[in-house]
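Per Swiss-Prot, the features are:
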BINDING   Asp84, Gly85  Mn(2+) 1 binding site
BINDING   Asp84, Asp229  Mn(2+) 2 binding site
DOMAIN    75-305  domain 'PPM-type phosphatase'
TRANSIT   1-74  transit peptide
Amino acid sequence: MFSVLSYGRLVARAVLGGLSQTDPRAGGGGGGGGGSSGDYGLVTAGCGFGKDFRKGLLKKGACYGDDACFVARHRSADVLGVADGVGGWRDYGVDPSQFSGTLMRTCERLVKEGRFVPSNPVGILTTSYCELLQNKVPLLGSSTACIVVLDRSSHRLHTANLGDSGFLVVRGGEVVHRSDEQQHYFNTPFQLSIAPPEAEGVVLSDSPDAADSTSFDVQLGDIILTATDGLFDNMPDYMILQELKKLKNSNYESIQRTARSIAEQAHELAYDPNYMSPFAQFACDNGLNVRGGKPDDITVLLSIVAEYTD
């Protein structure tokens, strides 16, 4: 009988072989160059807090606690993503941030190398996950993931969301698109996993193909907020929209201030024992007597759709 890892590597080789094709516009290296008149791009800023922020435990790079994120620019598309490492692995001596961080860094590298199709964000997630499965030294862990791709020329946003991270698209002060949260049961989101052989059949593991995928047109000035559940569990839509009203233009500095304001407010609410958070409301709906915010890692990527410039 194959172990989980042995079987995973065989699947990874087969999948990677089938994903070798790329969009012709995405070939030939990353970075800028060749933007056509009328192309769209994303101006993106991020902010976040690790759950242990009060203890001064911050990680290097684009990681906030067990969360990770990336923002990558290619001539054919702007791509960004967030991932939330499953903290339960810490009980088994595994650093949950290693899985989520490596997953996001692999996604970023694929985009910069042009090894992706803008209309297929699930493909980015699948190829990245398969590369993790192929590691000679197993990288154990689990993570949710959300990938957002703006195709410059078609002005379409393509998304893939697995688990309870997610995105909002705001236009004219209203949410016009949003991701669907995926849960097996309360507080147990869909997740990508790599488990040791002895844990076969015990650790939850979903396929990248299980990600909820959407595609839709966007307009200049649309606001896209991509975040881990640490935000959405602590701030309802109306609070997020109130903060977004402060965003008056597409200057990076303005976006950065707003992203920080949103992340800071979510972080403060997470430690308020009297606050009826979205997470507490969801818990009550599931028969649990819970009140207060949910202390968690928080990652926020805030983007505005603008005219593309190299």
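Sequential numbering from 1, following the chain as shown.
Any Cβ shown, glycine's included, is placed from N, Cα and C.
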Position of peak Cβ density within 10 Å, selected from the binding-site residues Asp84, Asp229: Asp84
Local confidence of the prediction over the domain 'PPM-type phosphatase' (75-305), expressed as mean pLDDT: 97
Chain-internal residues near Gly85 (Mn(2+) 1 binding site), provided their CB is under 8 angstroms and they sit 6+ positions away: Asp66, Asp67, Ala68, Pro96, Ser97, Gln98, Phe99, Ser100, Gly101, Gly141, Ser142, Ser143
Integer Å distance between the CA atoms belonging to Asp229 (Mn(2+) 2 binding site) and Asp84 (Mn(2+) 1 binding site): 8
